[in-house]
Amino acid sequence: MKYYYNNIHKLAPNMLILMSLNMFLLAMYIMHKNCIYILEWEFFSILSSPLNLTIMLDPKGVLFSSVVLFISGNVMNFSKLYMAHDKFIDRFTYMVLLFVCSMNLLIFIPNLIVLLLGWDGLGIISFILVIYYQNSKSLAGGMITAMTNRIGDVMIILSIALTLNQGHWNINSMWFMEESNMQILFIMIAAMTKSAQMPFSSWLPAAMAAPTPVSALVHSSTLVTAGVFLLLRFYPFLHMTHWFNTYLLYIGVLTMTMAGICAMVENDMKKIIALSTLSQLGLMMTTLGLNLPMLCYFHMVAHAMFKALLFICAGVLINSHHHSQDLRWMGNLASQMPMTSSCIIISNLAMAGFPFLAAFYTKDPIIEMSLYNMNNFNVMLLLYLSLGITAFYSMRFMISVVWTPLNCSPYYKLEEPKNVTTPMMNLALPSILFGMILWWIYPQYSMSLMMDKFTMLMPMFIVFMSFAFSYLWCKFDLSMNMFSLNFLSTMWFLTPFSSQMFMKPYYKMSKNYLELVDQSWMEYMGGLGLFNYMNNASNKLNMMNSVSPIMFITISVTIFLALYNM
């Protein structure tokens, strides 16, 4: 037993991949049977409202759980190399396993109260993992992550209170009531905080202070997709109100555009990937706003595969370049690390929606369906602009890392050990094939739209034009003025607005209170001042007590002599 406890980092990857295979087979079985299994245990009842532990095994949930476990196993395999010199690697492994367990609780539990176990578990453990490296930058990133996620926790608790009117907390059995508009708003805000939609986007790049294996897990299939998955679970109920889809559409398009533009000028490799995650989350929210929940689910699953692959490749580069994350220091990877460079190209092309890779089968139907569902020209324009921007920063990333000449000292280690090549190959194949596999699994959602040749080829034209423009940008080394760079590097000033701007007045007020009240009047009137006063009084009484026998004898002798003389 002690061997398993002390070597969990060696056993966890194979365990997770085996569980993933079992979940995938279970998902295929449930799809074949075309049914949903619900297991329910009643704990107790409050005012005729039963509190149940409900586990729902449906095709979407079980398949997504299989993807989460598969990615977690490969990330844990990669962490054996990346965290090899960490003294507490077993502790790190246990925290990652708790993180994965919390995500699976969120997936399988449709009860709003019990769902808090997974929701809060993700928030708390993500804070612990972000501050894993003990420095001020990690602590700052962890605090903004935790504080933003606490807003979502409060929204979930408020929605639980409002759901009491329905007499149950089962997500699948909710109906529209007078209070439902407020409840839908709370659930929507909770999902926005977890999935980092505007104006709650600043925590996602800050969470890059975590170790790269954690970033690969957080930004592919766990924390950031929890908000999207919550909306997918609630979608039949949320869709009952007229304003939900409209607001979600605007928020998703704005987030996607903002993240893409910021990624165009960023030089930190992990931040570029984080902003690309934010852009893809915006696309998922936009898809939900277009009333296309299954396409949103498909893109979420396909995105998890190629984003985990991209983060593992980034981790290999960081580990090889003495933990440098600056794109400007890297280059010439094609001849030095062919496996890693191939996987970087696959994942970036998949993210850009290149034909016949995973995201092509999800992004192309979304773009085509947007032409039929969209009435707002400005939103459609931003959607196509974001598509081009995604292709732009994907191509810029590839050019900077794979084909640009090396810009730093050649003293770095180039290696592709088995701990790296195995997870990269495991994730590269789904990044190519998983989009097509999803359409095979769900043939009922395949669609053929009647449209002219220009409309059909326009997304591909935008992608290839963005590739060309990105090449010219890198070749001629175009630059921007400082204000524009500052504006984009702070995510349209969202970072100072969500942290320093609101914290500074309260910090000054608390500092004044500390100096004027806590360290002055309170010290004098209470606490230490009261202690000093009582101490002085006690000392005086003790002095009087020590002097009193001498005074008593003196007075007694004086009185005796006076009486004797009389």
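Keep in mind that glycine also has a Cβ here, set from the backbone N, Cα and C atoms.
Annotation comment: TrEMBL describes 44-92 as domain 'NADH-Ubiquinone oxidoreductase (complex I) chain 5 N-terminal'.
Sequence annotations record features per position, and here TrEMBL assigns domain 'NADH:quinone oxidoreductase/Mrp antiporter transmembrane' to 111-383.
The domain 'NADH dehydrogenase subunit 5 C-terminal' annotation in TrEMBL covers 393-562.
Sequence-remote contacts of a segment are chain residues at least 6 beyond its ends whose Cβ falls under 8 Å from one of its Cβ atoms, and for the transmembrane segment (12-31) they are 37, 57-59, 62-63, 65-70, 72-74, 76-77, 80, 93, 96-97, 100, 426, 441. Feature annotation from TrEMBL assigns transmembrane segment to 12-31 (among others).
Among the features that TrEMBL reports, transmembrane segment is placed at 92-109 (among others).
Under the heading transmembrane segment, TrEMBL lists 115-133 (among others).
Here TrEMBL flags 183-204 (among others) as transmembrane segment. Same-chain residues lying 6 or more positions outside the transmembrane segment (183-204) and placing a CB less than 8 Å from one of its CB atoms are 119, 122, 141, 144-145, 147-149, 151-153, 155-156, 158-159, 162-163, 219, 223-228, 230-231, 234, 237-238, 240-241, 244, 247-248, 251-252, 254-255, 258-259, 274-275, 277-278, 281-282, 284-285, 491, 494-495, 497-499.
Listed as Cβ neighbours of the transmembrane segment (216-235) (distance under 8 Å, sequence separation of 6 or more from its ends, same chain) are residues 60, 64, 67-68, 71-72, 75, 78, 96, 99-100, 103, 106-107, 110, 118-119, 122, 126, 129, 152, 171, 174, 187-188, 190-197, 204, 207, 210, 248, 273-274, 277, 281, 284-285, 288, 293, 296-297, 300, 303-305, 307-308, 311-312, 315. Under the heading transmembrane segment, TrEMBL lists 216-235 (among others).
What TrEMBL lists as transmembrane segment is 247-265 (among others).
Annotation source TrEMBL lists transmembrane segment at 297-318 (among others).
Annotated transmembrane segment per TrEMBL: 381-403 (among others), in sequence order. Note on the transmembrane segment (381-403): residues 253-254, 256-257, 260-261, 263-264, 269, 272, 275-276, 279-280, 282-283, 286, 317, 327-328, 330-334, 341, 344-345, 348-349, 351-353, 363, 367, 370, 374, 458-459, 462-467, 469-471, 473-474 of its chain, located 6 or more positions outside it, place their CB under 8 angstroms from a CB of the stretch.
Summarising the annotation, TrEMBL assigns transmembrane segment to 424-442 (among others).
Annotated transmembrane segment per TrEMBL: 454-473 (among others), in sequence order.
Per TrEMBL, the feature transmembrane segment maps to 485-503 (among others).
The feature transmembrane segment is assigned by TrEMBL to 543-564 (among others).
Nonlocal intrachain contacts for the transmembrane segment (115-133), taken as residues 6+ away from its ends with a CB within less than 8 angstroms of a stretch CB, comprise 92, 95-96, 98-99, 101-107, 109, 139, 141-142, 145-146, 149-150, 152-153, 156-157, 160, 171, 194, 207, 209-211, 214, 218, 222-223, 226, 230.
Summarised by DSSP class, the composition of the domain 'NADH-Ubiquinone oxidoreductase (complex I) chain 5 N-terminal' (44-92) is 28 helix, 12 strand, 9 coil.
Across 92-109, 247-265, 297-318, 454-473, stretch 297-318 shows the highest tally of CB pairs under 8 A with the transmembrane segment (424-442).
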